[in-house]
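Database features (TrEMBL):
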DNA_BIND  123-220  DNA-binding region
DOMAIN    2-116  domain 'Response regulatory'
DOMAIN    123-220  domain 'OmpR/PhoB-type'
MOD_RES   51  4-aspartylphosphate
């Protein structure tokens, strides 16, 4: 899952980003409206964490831009303004939820999980054949066998499971599971997929295929 965190308070950005990355999310950051709109124009995000008060405007402009496009990511608005009028306006402009500063990281993570469950049709569980992921509990299984995955392995598997049978290029995995600062020339995707494949396979049939010079594909196999 890839998030965009739009916030100009550097200390808050640093602290929250550490918590989000540890929770398994890829996180890009933007300090103002202009850079947020630029990144939203070239990248796909699952959710935007959006501060209401920014140096060059307010978060309402970002909400409107996101909602003008069809679909678009979920929006969780973050602000120090605890006024009913601001909360109502934020929701009317397109925000999906509203969290007042200061907030606790566990509550932020819980709200993110809830919004992403809504995006996936109200459930945190994704199933493809024998594979089952629970994104709320950070649990993965092949059949009844639990899989002990790192956050990046979990992110790769989730991305592949939401696109079964489709060849996913390495660059696409790097963009959506890592963040904007990931080195495109690194072998980190290959290493992560290799480790993930070994954990998933065990003594069973391999489910992740390497498609030479194209990317990776998760087999669409029926549950046994």
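Backbone N, Cα and C define each Cβ position, glycine as well.
All TrEMBL annotations are machine predictions without curation.
The C-beta environment of residue 51 (4-aspartylphosphate), restricted to residues of the same chain at least 6 apart in sequence and closer than 8 Å, consists of 6, 7, 8, 9, 59, 77, 78, 79. In terms of DSSP secondary structure, the DNA-binding region (123-220) contains 33 helix, 24 strand, 41 coil. In terms of DSSP secondary structure, the domain 'Response regulatory' (2-116) contains 55 helix, 29 strand, 31 coil.
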